[in-house]
Amino acid sequence: MAEKQKHDGRVKIGHYVLGDTLGVGTFGKVKIGEHQLTGHKVAVKILNRQKIRSLDVVGKIKREIQNLKLFRHPHIIKLYQVISTPTDFFMVMEYVSGGELFDYICKHGRVEEVEARRLFQQILSAVDYCHRHMVVHRDLKPENVLLDAQMNAKIADFGLSNMMSDGEFLRTSCGSPNYAAPEVISGRLYAGPEVDIWSCGVILYALLCGTLPFDDEHVPTLFKKIRGGVFYIPEYLNRSIATLLMHMLQVDPLKRATIKDIREHEWFKQDLPSYLFPEDPSYDANVIDDEAVKEVCEKFECTESEVMNSLYSGDPQDQLAVAYHLIIDNRRIMNQASEFYLASSPPTGSFMDDMAMHIPPGLKPHPERMPPLIADSPKARCPLDALNTTKPKSLAVKKAKWHLGIRSQSKPYDIMAEVYRAMKQLDFEWKVVNAYHLRVRRKNPVTGNYVKMSLQLYLVDNRSYLLDFKSIDDEVVEQRSGSSTPQRSCSAAGLHRPRSSVDSSTAENHSLSGSLTGSLTGSTLSSASPRLGSHTMDFFEMCASLITALAR
């Protein structure tokens, strides 16, 4: 359990220093946070334990949040981490800079039909994703739809919604009255998904009209309007949109549109990106994915047999089964999203810029990685050799490239934080070339010679990074820019997924405790020139010790 600390007069929780308040919700504040090591900005939602206890959800909230951390959808705010203190939960979430859809509509008025449809398609895709994984929002509103820098929608605040079970009715009345369905404000029983559909209808109306379909300062009058389901449809809305709105804002939940109905509506289907509702015909629910099972074991600290028992039980609400299907679905939707943007010329500033295609400063694509976007999409999927017309064609199967290093799908700043922790543990000395490139040395206690190597983090593909190990010989001088071309690479052990946390006392001092004051080239670092064979063995021993430390 973490403790709150003070950092330069500001509150620090874990590695995050809290800053200004972004908003205030039912259960507490949302503040901007900055990672102390990387400077990465996050949104930190502070949930007061006492307020949560009053709702009688403390017992299940941790388990629910564990699954919410697995949610990966391009239009849902990501939950990275949950930090607990005796008084609060701190939910560390993705930060987007565009603000709320509510503020955007207030400032600019109604949105053009094409843009409104694009945003609504993104919102419905996110809601469908959550419903398929047994989670309902129950408080959808423009204030909970955030916009990124490229005007893409991202839904926030799925954190406190109940896990939805078949046949289970939700009695809790929550949400804002203007967006709440008639059955919610009337205190009647409701199952869950249908109240989100109503709220989506209100959001669509707000996008197209710049106002709310049901609004009144007098709450009893507002409730009467909602129960009656009568709202004004402006003349500029075409008949197709009007029929969709009336179907979504149907008072009787049994007659209300479902997500399937909306997806089949002619207006909704126009210009619908394929990645929003991916279908993978190769996916067979009867085949168990071993990699997904292992990931569930890692996330929940359970055994493979426990996961298999959950899958064979046939209970779709089982937490391990939900997590397994989340992982499968995440892989499918991200693969299709990537293919969609590779197969067509992407719009300027697409969400892929924020997702897979964004390369932080100092982080380079791997030299042997195909460029992510090439003008002609069919060629973009060709092997590298097919693009090299000077290289003779071979009928033999091309061997996979091997690298001495570690591949990971963790965030680049998390990978580097783990590297700093391991190097400090091993008493390595290092110099920072840039945020993702280090020059490292270790003294051989027997010979007294220094062994040197370069650590460079590369972007390998849309989801993977390679921490490349390169030997630095006394005769090799790297460029001042810090760029290093990988030498002929050796085999890597396997996939390593760094832990999400780093010891704070270690991480806070990494930039000072291990840094070198001098250059890592020339005779400054070595009192004697090592023999080539000895240097190579020392280099491999250095690599092995670092890999072992990272695996702990």
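Note that the numbers count up from 1, one per residue, in the order the chain is shown.
For all residues, glycine too, the Cβ spot is worked out from N, Cα and C.
Annotated features in Swiss-Prot:
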type	residues	note
ACT_SITE	Asp139	active site, proton acceptor
BINDING	Leu22, Gly23, Val24, Gly25, Thr26, Phe27, Gly28, Lys29, Val30, Lys45	ATP binding site
COMPBIAS	480-490	compositional bias 'Polar residues'
COMPBIAS	501-510	compositional bias 'Polar residues'
MOD_RES	Thr172	phosphothreonine
MOD_RES	Thr258	phosphothreonine
MOD_RES	Ser377	phosphoserine
MOD_RES	Ser491	phosphoserine
REGION	291-376	region 'AIS'
REGION	478-520	region 'Disordered'
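Here Asp139 (active site, proton acceptor) is positioned 19 angstrom away from Leu22 (ATP binding site), judged by their C-alpha atoms. With respect to Cβ neighbours within 10 Å, the binding-site residues Leu22, Val24, Val30 differ, and Val24 shows the lowest count. Ranking the recorded positions Gly28, Asp139, Thr258 by C-beta neighbours within 10 Å puts Asp139 at the top. On the 0 to 100 pLDDT scale, the model's mean across the region 'AIS' (291-376) is 60. Across the structure, Gly28 (ATP binding site) and Asp139 (active site, proton acceptor) place their CA atoms 16 angstrom apart. The two recorded residues the residue listed as 'active site, proton acceptor' and Val24 (ATP binding site) have their Cα atoms spaced 15 Å from each other. In the three-state DSSP classification, Gly28 (ATP binding site) falls within coil. A Cα-Cα distance of 32 Å separates Val30 (ATP binding site) from Thr258 (phosphothreonine).
When the Cα atoms are compared, Val24 (ATP binding site) and Thr258 (phosphothreonine) turn out to be 32 Å apart. In this structure, Thr258 (phosphothreonine) belongs to neither helix nor strand by DSSP; it is coil.
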